[in-house]
Every structure is written in C-alpha cells, then in structure tokens.
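Read the structure below first, then the notes.
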Amino acid sequence: MPSFDVNDLNSVDDMIIGHIFEELSRSDWNVLIAHFLGVDHCGHKYGPNHEEMARRLAFIDDLISNVTEILDEETVLIVMGDHGMTETGDHGGDTELETDAAIFIYSRKRLLFTAPPKSISQIDLVPTLSVLLDSPIPFSNVGVLVDCFIAPELLEWAKSSNAWQMVRYAQSVIVEMPQIEPLLRVFDSNSDNMTNQQETMRQIQAIFRASWTNFNMAFMRVGILSFVDTLLTTVNAFFSKSGVSLGSLVFRSGVLFVQCSAYLVADDERYIAVLDALLSVSLIWRAIIAFSAMLALNFSLFRILTVLMLVVHAFSYFSNSYIVFESISVRFLAQSAFVVAVLHSACAKEWSPRKSPSSLVTLIEHRIGVRRVLLMFVVLTLLRGGAIWERCREEQQNACTATQFSVPLTRLSFGAGKVIRFVFGVSILCISSLITYRMQRERSPEMVSSSLIFPATVATVAVWTAQWLPDKSATQFASFSLVAAQIVYVLTGVRIVMTSICAFQCASLNAFVGCALAFMDTLSSALVLLLGDALAMSFFCIKLIIYFVVQLVHDEYQMMVVLTLLSSHGFFALSHQATFSTIPWQAAFIGVPGNFAFQSVPAALVGAHLFASYIITVAALPLSLTYFGIRMQSRNALAHRSYMLLMFSALSVLCTCMAAVVHRRHLMVWKVFAPKFIFESISFCVVCSFVVITNLIFCSLNSLTVSLPLHK
C-alpha cells in the first residue's frame with residue numbers, strides 16, 4: 001500500500017472509492033471507516049494554498065455529497081480530520097493550525113438535542129461514539145461524553161456509564177497515581193449524584209493529562225552524569241597520547257551494564273544509588289585529570305575568545321528566546337569566531353618590517369594580506385547570505401520573512417519565479433560539479449571516481465525535472481524519477497569504495513588532497529539530490545566556507561570551533577528548524593517507493609536531509625589536515641581533530657539536555673526545549689556515526705612529509 005508515499009495522491013483514495021459504495025449497500029457492518037490520504041499527502045507535497053489542494057478538496061466534497069444521498073435513517077456520517085496543517089502543509093507540532101481539525105456530522109434523523117460545544121476533544125469522541133453504537137465504553141478511556149448528541153431519556157444512563165467506567169480504570173492505576181485516591185473517595189461518598197459524577201470525571205481526566213508529562217528525576221540525573229562522564233573521558237583521550245585506556249573501557253562497560261539493569265527493573269533504587277556513587281567518583285577523577293591536562297595548554301587570548309563563543313552558543317540553549325532565534329545568534333557567533341581565528345593566524349606570522357606601518361592599508365597589505373582579507377569578507381558574506389534560505393518558525397511571528405528558496409519546488413505555482421529558481425539551482429549544481437572535477441583531476445589525475453561526477457549530476461537534474469510535472473503526469477513518470485535517484489545512490493556507493501582504496505594507497509600530499517576532495521564531493525552528490533534545487537546554492541556556499549576556513553584558520557582549536565558553529569549555522573541555512581512540523585518528509589521518497597519494506601531507509605534519507613551540514617562538516621576533517629607544511633602522522637592527526645569536534649559538539653548536546661531538565665515545567669518545554677534537545681541529540685549521533693566512518697576510510701594513511709604549504 002502506498003500509504004506513506006506523499007507523492008501519490010490518488011492510489012489510496014481511488015481504492016477506497018472502488019469499494020466504499022459497495023460496502024455501504026451491505027448490512028453486515030456496524031462501523032465503516034474510510035481513511036482518505038489525498039488531502040494529507042497534497043498538503044505535504046504542495047501546501048494548503050496550491051491549486052492541487054483545491055482539486056482534492058472538491059473531490060472530497062463530491063464524495064460526501066454522494067454518500068449522504070444513499071444513507072438510511074439509522075446511519076450517521078462523521079467526517080473528521082485527525083490533525084490540521086500549517087501554511088506550508090506540515091503538521092506534528094502543537095500550534096493551533098496543526099492541532100485543530102474540522103468535524104462534520106450528518107444524519108437523516110435528529111442529531112443534536114442541545115447546543116453543541118465550540119470544540120470537541122478527540123478523546124471525548126470515544127465514549128460518545130460507543131454510546132451511539134450501543135457498545136461498551138473501552139476500559140482505558142479517559143474521555144468525557146459529549147452530551148449534545150445523546151437523547152434526553154438516555155443521557156443520565158450514558159453519563160453514569162461513562163463515570164463508572166472511568167472510575168474503574170482509575171482504580172486500576174491508583175498504585176502508580178496515588179493522587180487519584182481522594183477523588184475516588186469523594187465519588188464513593190455520593191456516587192448517585194450526576195453533578196458529582198461529572199466533576200469527578202473532569203478532575204480524573206485532568207490528572208491523567210498531567211500524568212502524561214511525568215518526569216523520572218532519577219533517570220534524568222543518571223543520564224546527565226553519564227553524559228558528563230563520557231564527555232570528560234573524551235577530553236582525557238584527547239590529551240592522552242595512548243588514547244582511551246583499557247581500565248577506562250572496563251569501567252565504562254560496567255557502568256553501562258548497571259544502567260541497563262536499572263532500566264530493565266524499572267528504576268530500582270539500589271541500582272540508581274550504585275550508579276550515582278560510581279559516576280560521581282568517576283566524574284571527580286576524570287575532572288582532575290582533564291583540569292591538569294588543560295593547565296599545560298598554551299592559552300592565547302585569540303583561542304580563549306574563539307572557544308568562549310562556542311560556550312556562549314551552548315549556554316544560550318537555556319533561553320527559549322535564543323532557541324527561537326538561534327539562526328541569527330549562531331550566524332553572528334560563527335562570523336565572530338571566524339574573524340578572530342583569521343586575525344590570530346595572521347598575527348602568528350613572523351613579520352619584521354623595516355619601519356612601522358604608515359597606514360591601515362599598509363598594515364593589512366603586509367601583516368594580514370590582501371588575499372586573506374578578501375577571502376575573509378567572502379566568507380562573511382556567504383554566512384550572512386544563509387538567511388535567504390532560512391525557514392521561519394511560528395514563535396518568530398513577524399520577525400521572520402521566508403523567501404521562495406525555503407519552499408520545495410512542488411509547492412510553487414508555475415511562473416517566472418519557479419523557472420528562474422530551477423535554472424539557478426541546476427546552474428549551481430553544474431558549476432559545482434565542474435569545479436570539483438577540475439580540482440580532483442589536478443590533485444590526483446589517476447582517480448577514476450572523478451569520472452562519475454557528471455553522471456551523478458545528470459541523474460540529479462533528471463530527478464529535479466520530474467518534480468516539475470503535474471500530479472497526473474508525475475504518476476506516469478514515477479519509475480523514471482525513482483531510477484534516476486537510485487543511480488545517484490549507486491554511484492555514491494561506488495565512489496565511496498574508490499575513495500577508500502585511494503585513501504589506503506595514497507603516498508603523496510596531492511593524492512591525499514584528491515582523496516579528501518573526492519570524499520567530500522561523494523557525500524555531497526547524494527545530499528544535494530535530497531536537498532533539492534533551491535538548497536543546492538546554500539549547500540554550495542557551505543562547502544565554499546569550509547574550503548576557505550581550512551585555508552585561512554591555522555589553529556586547530558579555532559578551526560574546529562568555527563566548523564562546529566558552521567554546522568549549526570548550516571542546519572538553518574538549509575531551511576531547517578528544530579520543530580517537528582518542519583521535518584522534510586519529502587526526502588523519504590526520493591529514490592524510494594512509499595511502500596518500501598524497510599522503513600529505516602526512508603528515515604535515513606530524512607535524517608540526511610536534516611543534518612546535511614553536520615555530515616559535510618565531518619567529511620571535511622581529512623581536508624583540514626592538508627594545509628600545513630609540516631610532517632604529520634595522518635592517522636593521529638585525524639583522530640585528534642575528531643576528538644576535538646566530538647567534544648565541541650557534545651557541549652551543545654549537554655546544555656540542551658540540562659536546559660530541558662531545568663525547564664521541564666516551563667511553559668515552552670514541549671514547544672521549544674524538548675524538540676531542541678531531540679534534534680541536537682540526533683545531530684550528535686549523526687556526527688559520531690560519520691566521524692567513525694571517516695576515520696575508518698582514512699585510518700591507513702602513511703606519514704606525509706611536506707616542505708611547503710600546499711596553498712599559498
């Protein structure tokens with residue numbers, strides 16, 4: 001069934017139409033459910049204001065009209081939505097547009113006996129429909145009867161049945177929820193009073209609603225302590241020449257075993273106490289070691305300023321306002337950190353002028369360098385330009401204005417703007433492919449993988465072109481789009497294998513640079529396919545920024561700080577937000593049919609779209625080793641920078657975790673803090689995964705001796 005394929009608006013609805021009237025004419029059913037998906041899929045693909053949505057709604061209107069004509073007097077028709085959608089057709093959040101949906105109820109007999117309420121909770125439909133069907137109310141129901149649909153002579157019996165059902169369910173969970181017991185005692189003291197029954201049901205329902213937000217503080221505490229302990233372990237491994245010790249691995253394995261035991265036995269106090277003691281001792285010991293190692297570092301003012309900007313960004317997660325406007329703050333911090341790092345690299349040069357500089361121009365020309373200044377302004381401009389592709393979130397209100405570059409191609413109406421955007425995206429892709437091809441051929445002419453760049457580009461353009469087609473035509477060319485995307489995936493896999501072989505065999509700096517560039521471009525080809533034509537330019541800008549950063553920033557600490565901030569900036573510059581309603585579900589169906597058996601594959605595609613900036617930042621780690629004219633052990637250098645990137649990324653995750661715990665009763669916890677923690681945690685898992693993959697591919701590099709920097 002193509003139920004999950006948002007590109008297919010017709011198949012499910014057509015199958016329902018083929019059976020619904022036949023089923024309605026039969027008499028062997030009490031409840032008949034028809035779940036139409038065309039409107040929902042149309043919202044995801046085109047948005048609510050597209051002409052295709054008008055056609056789908058007209059189709060549903062005609063269907064409702066035809067069904068009402070054949071209904072008998074004993075049948076009630078209920079048409080309802082399980083959710084709404086935003087102005088972009090998304091849902092999953094808690095905004096009014098997403099949680100409110102229409103309900104239409106029709107019957108040939110009298111249906112309303114009193115004035116209807118202005119709104120109905122979905123959980124209240126359960127007891128109401130049960131009474132109308134003359135069936136028992138489900139045991140675990142926590143909904144309250146909507147009495148306007150019940151005949152007056154049955155109302156008292158229906159309300160009493162609802163009350164006793166909810167009381168019996170409350171009695172079954174009284175051990176886990178002792179706060180219900182006083183309400184049950186009040187109910188028992190006057191159980192025949194209708195007003196008492198209704199009040200008891202409302203209060204029990206309120207308690208159940210509140211219980212859905214229960215927090216296990218013991219597990220929260222252990223989770224934070226475990227994360228901090230792991231972070232300090234990484235810090236110690238970073239400063240240690242021998243890496244992680246065997247004793248540390250044994251200790252961490254034991255702690256993991258106790259953690260699993262505590263989880264399996266459901267918060268046993270003895271296991272929690274043991275974990276608290278073990279983690280506290282480990283934290284103190286590792287903190288002492290890490291602090292001692294840090295004292296031996298050479299702290300310069302520039303390095304402290306750069307790292308401080310990363311710390312400020314991490315601690316800004318304790319403010320819901322900074323999370324809402326994070327795209328602005330992280331862009332400013334990334335620009336500031338980059339400028340400080342470039343100035344530090346310039347000041348680190350040896351310079352002995354015969355006389356003091358007579359002007360600022362002379363200072364820039366001799367001390368910093370005109371080329372360096374020009375590239376610095378190019379990077380700052382590219383960072384600022386990322387705002388063009390940023391997507392707005394509801395809390396920003398009028399402070400944010402989205403452009404058409406943040407909207408998928410299928411949601412744009414046909415016109416000059418759509419044509420210009422498509423041509424612009426294709427042009428950027430072709431230019432990027434040509435530049436990458438020439439760079440790889442210059443560095444490593446013998447690499448065969450560079451010859452696969454253009455076939456991947458052609459296949460990507462074919463997929464984008466298929467998105468132009470109207471819905472009826474797109475259905476006929478669905479296999480063409482799938483095959484074209486699958487060609488890109490296959491070429492990506494082949495190029496990764498070739499890059500791995502190249503990294504294993506390279507014996508010169510040029511060969512290594514070629515491998516590093518090939519690795520970045522290989523991942524880029526698949527990511528650009530998922531991102532689409534509008535975000536191709538933004539992704540190309542991020543790659544350019546990375547390329548300039550590894551040239552201009554010479555201090556490895558500052559470089560990793562800038563790359564960490566850049567990955568966060570790229571998340572927003574690629575039209576993402578830390579909200580569930582903005583998840584790019586359309587990526588799940590690029591090269592994968594909606595009825596694909598392994599749902600983990602579409603999930604991975606959505607994750608790749610979401611965290612493309614993090615993936616390409618990790619992929620740049622090998623390239624960051626190639627701009628220093630020194631003798632280096634490539635394996636150790638890559639591991640060293642990997643540890644650094646993981647530490648800096650983990651700091652942000654730790655702060656989002658602590659912010660979610662501290663603000664667990666905050667008004668914005670489910671709207672701001674919890675989603676941010678989830679997105680940041682998943683991004684860290686993505687970073688960890690690709691750090692492992694990158695180190696596996698480039699782990700066999702030989703020592704490279706270079707007398708001069710590769711790029712002047």
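Every residue, even glycine, has its Cβ placed from backbone N, Cα and C.
Note that TrEMBL annotation is computational and uncurated.
Quick caveat, the model's predicted, so the values are computed rather than measured.
When TrEMBL is compared with the stretches 130-151, 152-173, 218-239, the one noted as transmembrane segment is 218-239. Put simply, of 449-469, 501-520, 562-583, 603-630, the stretch with the most CB pairs closer than 8 A to the transmembrane segment (301-318) is 562-583. Counting Cβ pairs under 8 Å to the transmembrane segment (246-265), the top-ranked stretch among 218-239, 271-289, 449-469, 475-494, 562-583 is 271-289. Remark: the transmembrane segment (419-437) contacts the transmembrane segment (449-469), by the rule of 3 or more CB pairs under 8 A. Sequence-distant contacts of the transmembrane segment (475-494) (same chain, at least 6 residues past either end, Cβ-Cβ under 8 Å): 7-8, 10, 449, 452, 455-456, 459-460, 462-463, 466-467, 469, 522-523, 525-526, 529, 590-593.
When Cβ-Cβ distances below 8 Å are used as the criterion, the transmembrane segment (449-469) is approached by residues 408-410, 422, 425-426, 429-430, 433, 436-437, 440-441, 477, 480-481, 484-485, 487-488, 491-492, 494-495, 498-499, 502, 518, 521-522, 525, 528-529, 532-533, 590-591 of the same chain, each at least six residues removed from its ends. When each of 218-239, 562-583, 642-661 is scored by its Cβ pairs under 8 Å to the transmembrane segment (603-630), the top-ranked stretch turns out to be 562-583.
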